[in-house]
Structure formats: structure tokens, C-alpha cells
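Asker: As annotated by TrEMBL, domain 'C2H2-type' applies to 23-50, 51-78, 79-106, 107-134, 135-162, 163-190, 191-214.
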């Protein structure tokens, strides 16, 4: 036994003295019964919190281990939509996304021919052609045709980046930019050139490539 004083019950300390201690802390060699106690003891030495991923409750003592664990979550996003290039997990969420693309669109824009599944979406779209921008930014005066675009723009002023990459921790102001960024990790290239077969991670890169054929 030892002379260490505990606020908890003596019986618990006796158990620690007698049972197998299978988790060893590297810094001081202290052994603990439960792996979760390593994180608690880690704080004693470093005065810092352990690294916790955004997608689950696991804790890691080293940032490198956290980065490796993030790869597990990133690789799970393996079901890619052929239409928009977004990656999904599980597969059921991909099927939901496909319904968005295949939904019946009965509302036609007379100016450009684009179709919409809801009348209000058509009316919002028509503001682009009419150059109507009823949503002004109170910081800089810039106006937008849709309220959601104003909300996205507002992050330029607030520096808010709510969409974080699970793999590298980099943050983005828009979910579409995050989805494009994910492909740098997954190496998914959903956009294909119909002239030479070359594939690209982003549609903008495909469009730039097309100019080489013209």
C-alpha cells in the first residue's frame, strides 16, 4: 500500500492497489485501471485539455492521433452523388440527395428555361433576372437577391467559419466550399471531361479544362 490520501472511498483505492493496471501514462509511468483515466491524468501534467474530434466523444492525448482518427470519419463519406459531386455517409443520405435532383420541376423560368419544384423558388430565382436585391448588408451596403446569400456574405464581416473539415480541422464559411475541400482528402473526382475522359474534383476546374479543347 501507499500513503497517498484520497477523497474517494478507501475501497476504491484498495481496488486500484490490487487489480491489474493495464494503461500506463508515458510521462510519469503511472498506471491506471481505465483508459479514460489517462485523459484525466494528462491534465495534471500539461494543464491542457485532450484533443477531442468534432464527430464523436473520443479523446486523444496527441494532436497527431486526432488527425489520424479524423481520417476514419472522412473515409466514411464514400458515397458520391453523380449529379452534384457531394459525398455522403451512410448511403441512405445519398439516396435522399438524389431525390432532390430527380424531384418533379413544374415551374419554368420564362427567361432562362431553368425549372423549379416550388413556385417560391422560381420567384426567388426571377429576382436575378430583374436585378432585384431586397436584402442589404447593414455593414457594407451590399445587397442580395436571397436572404441566405446575405447570411453567407455576413460571415465576411464576422469571420465566422462554421463548417469544419473532419480530416484536417480547416474551417470554411460555406458548406459548398467544405464539400469541394473534402475531395482533396478523398481524391474523389466526380466531374469528367466528355472529350478526353480526364476527371476533376471541382466543376470550375473542368470548365477551365474545356477551354483547352476549343
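Using the three backbone atoms N, Cα and C, a Cβ is placed for every residue, glycine included.
The structure displayed is predicted, hence computed values, not measured ones.
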Asker: With Cβ-Cβ distances below 8 Å as the criterion, list the same-chain residues six or more beyond the ends of the domain 'C2H2-type' (107-134) that contact it, or say none.
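Answerer: Non-local partners: 143-146.
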Asker: Using DSSP, how many residues in the domain 'C2H2-type' (191-214) fall into helix, strand and coil?
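Answerer: Helix, strand and coil residues of the domain 'C2H2-type' (191-214) number 8 helix, 4 strand, 12 coil.
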Asker: Tell me the residue counts in helix, strand and coil for the domain 'C2H2-type' (135-162), as DSSP assigns them.
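Answerer: Secondary-structure composition of the domain 'C2H2-type' (135-162): 12 helix, 4 strand, 12 coil.
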Asker: Counting by DSSP secondary structure, give me helix, strand and coil numbers for the domain 'C2H2-type' (107-134).
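Answerer: Breakdown, helix to coil: 12 helix, 4 strand, 12 coil.
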